[in-house]
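First the structure, in the form of structure tokens, and then the observations on it.
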């Protein structure tokens with residue numbers, strides 16, 4: 001596991017983590033590991049961890065860190081991650097961040113954290129105007145004027161949790177649980193903050209400059 005390098009893409013909901021993670025994965029030819037996709041895959045395949053996670057989700061409870069970390073660790077140990085990967089949506093709590101840092105230290109793997117900074121006003125505007133392809137999960141903005149995914153020809157839909165009420169709750173949860181990670185990674189010297197209210201192309205150029213520095 002020597003010579004690995006991982007990039008953790010962080011930011012509030014609607015900051016563009018998924019979009020920028022996918023672009024960075026393509027650019028660096030590294031796998032893109034989305035915690036959301038890990039959850040969906042584990043639950044859909046009824047894996048042991050997926051079954052346990054579903055039990056909590058179905059009761060409206062938070063999935064314990066031990067189960068979440070089990071899924072992530074399993075993914076990180078896959079052969080395709082032997083040269084590193086782009087991590088999107090994890091960690092979400094300080095305890096998860098400590099588990100991940102310990103894993104990297106024990107694996108002699110290097111990692112960097114990129115924080116996408118976006119104001120709450122911009123986040124609300126973005127999320128309230130976005131649509132997704134139910135097949136490939138690509139995100140589109142209503143200003144693009146598309147009704148179907150150009151790649152999959154599937155009708156674009158709005159995520160059921162992209163309502164103003166849910167958006168505010170997600171932002172509150174982020175501020176409480178995930179924002180403290182910024183200080184943690186800053187103290188470790190792992191963090192780079194990227195202003196991310198510009199166009200996706202401009203933000204990606206900033207990310208490229210960051211990883212080349």
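Placement of Cβ uses the backbone N, Cα and C atoms for every residue, glycine included.
According to Swiss-Prot, the protein carries these features:
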type    : residues                                         : note
BINDING : 14, 15, 16, 17, 18, 19, 130, 139, 140, 198       : ATP binding site
REGION  : 34-63                                            : region 'NMP'
BINDING : 35, 40, 61, 62, 63, 89, 90, 91, 92, 96, 159, 170 : AMP binding site
REGION  : 129-162                                          : region 'LID'
BINDING : 133, 136, 149, 152                               : Zn(2+) binding site
Cα within 10 Å of residue 140 (ATP binding site) is the criterion; apply it to the binding-site residues 90, 92, 133, 149, 152 and give the hits in sequence order. 133, 149
Helix, strand and coil residues within the region 'LID' (129-162) as assigned by DSSP: 3 helix, 9 strand, 22 coil
Can you work out which residues elsewhere in the same chain, 6+ from the ends of the region 'LID' (129-162), have a Cβ less than 8 Å from its Cβ atoms? 14, 18-19, 37, 170
Pick out which of the binding-site residues 63, 136, 149 has the most other Cβ atoms within 10 Å of its own Cβ. 149
Cβ neighbour count within 10 Å of residue 14 (ATP binding site): 24
Rounded mean pLDDT for the residues that make up the region 'LID' (129-162): 86
Spatially, which candidate from the binding-site residues 90, 92, 149, 159 is nearest to residue 130 (ATP binding site), comparing Cα atoms? 159
So among the binding-site residues 92, 159, who's got the most Cβ atoms within 10 Å? 92
Site with most surrounding Cβ atoms, counting all protein chains shown within 10 Å, from the binding-site residues 133, 152: 133
Restricting to the same chain and to sequence separations of six or more, state which residues have a Cβ under 8 Å from that of residue 16 (ATP binding site). 116, 118, 126, 196, 200, 203
From the binding-site residues 18, 133, 136, 149, 152, pick the residue whose C-alpha lies nearest to the C-alpha of residue 92 (AMP binding site). 18
Tell me which of the binding-site residues 14, 18, 133, 149, 152 ends up closest to residue 159 (AMP binding site) in space, Cα to Cα. 133
When you average the Cβ positions of 133, 136, 149, 152 for the Zn(2+) site, which other residues in that chain have a Cβ within 8 Å of that mean position? 134, 135, 137, 138, 150, 151, 153, 154, 156
